[in-house]
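Here's what TrEMBL has on this protein:
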type	residues	note
BINDING	Gly11, Ser12, Gly13, Lys14, Ser15, Thr16	ATP binding site
Amino acid sequence: MMVVGLTGGIGSGKSTIAKEFAALGIAVFNSDEQAKALIANNAQVKKRIMAAFGEEAYQNEEYNRAYIAQIVFNNSEKLAILNGIVHPALAKYFKQWTKKQTSPYVVKEAAILFESGSYKDCNYIITVTGPEEVRIARVMARDHCTEAQVRARMAQQWSDAQRIALSNTVIENIDLESAKEQVKRIHFQLCQSL
Ligand code: ATP
C-alpha cells in the first residue's frame, strides 16, 4: 500500500486538507488522534507508561495528561522515553490498519511526521504551508489562546524550510478553494503513478 505522509506546522491546515483527501475516497489515518487512543486504551502502552512515569500516570484508569505534560515539558530525555513507548506502538498499529484499507493509497496525517521519524515509512510526503501570521491567527481563533502560546508551540516544531526540503510537494493553504484544487491535482497524479 502506498503511504502518503501529510504534515505541516501548527495551524497550517493539515486536518482541513486531510478532509479533502477523505472526500475523494482516500483512507486517512490521524496519527495524533490514534496516539491519544493508544495511550488511553492499549494495555501494553499503559503498562509501560506507568512503569516509566509511575502509577500516577493514570487516575481511575484515565490518562493523567497534565501530570505527564509537566514531566516531559522542557525535558527532552523524559520526552524521548514517552515517545519511545508511543511511537513504535503507533507504527505497529498503523501497519495493521493499512492492511485493512482498500483505497488506492492511504494518507497518514501527522503534525510531527519528521520529528518522530515516521516520514521514513512514507512513499510520498506532502507539507501544508501558509504564512506564519495567518497560521497564528487561525490557531488563536480555534484554540482561544494567545499569540505567545502559539509561538511557543511553533518553536518546538521543525521549520517550514526543514519540512519542505524533505517533501515531494507543498500545498499552499491560504484560500481554501485553491487548496482543494491542489489536493485534486496531487490525487490524480498519485492515482496515475500506481
Ligand atoms: P494543528 O497542527 O494545530 O492541529 P492543523 O494543521 O491540523 O493544525 P487545521 O486544524 O486544519 O490545522 O486548521 C487550523 C484552523 O484554521 C482551523 O480552525 C481551520 O478551520 C482553519 N483553516 C484551515 N485552512 C483554512 C483556510 N484555507 N481558510 C480559512 N480557514 C482555514
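Glycine is no exception: its Cβ is also placed from the backbone N, Cα and C atoms.
Curation plays no part in TrEMBL annotations; they are all automatic predictions.
Structure coloured by features recorded in TrEMBL.
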residue	record	contacts (Cβ under 8 Å, 6+ apart)
Gly11	ATP binding site	Gly130, Val134, Arg135, Ile136, Arg138, Val139, Arg142, Val150
Ser12	ATP binding site	Thr127, Val128, Thr129, Gly130, Arg135, Asn173
Gly13	ATP binding site	Val128, Gly130, Arg138, Asn173, Ala179
Lys14	ATP binding site	Leu6, Thr7, Gly8, Glu109, Ala111, Val128
Ser15	ATP binding site	Asn30, Glu109
Thr16	ATP binding site	Asn173, Leu176, Ala179
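Listed in chain order, the residues near the ATP site other than Gly11, Ser12, Gly13, Lys14, Ser15, Thr16 are Gly8, Ile17, Val128, Gly130, Arg138, Asn173, each with its Cβ within 8 Å of the site Cβ centroid.
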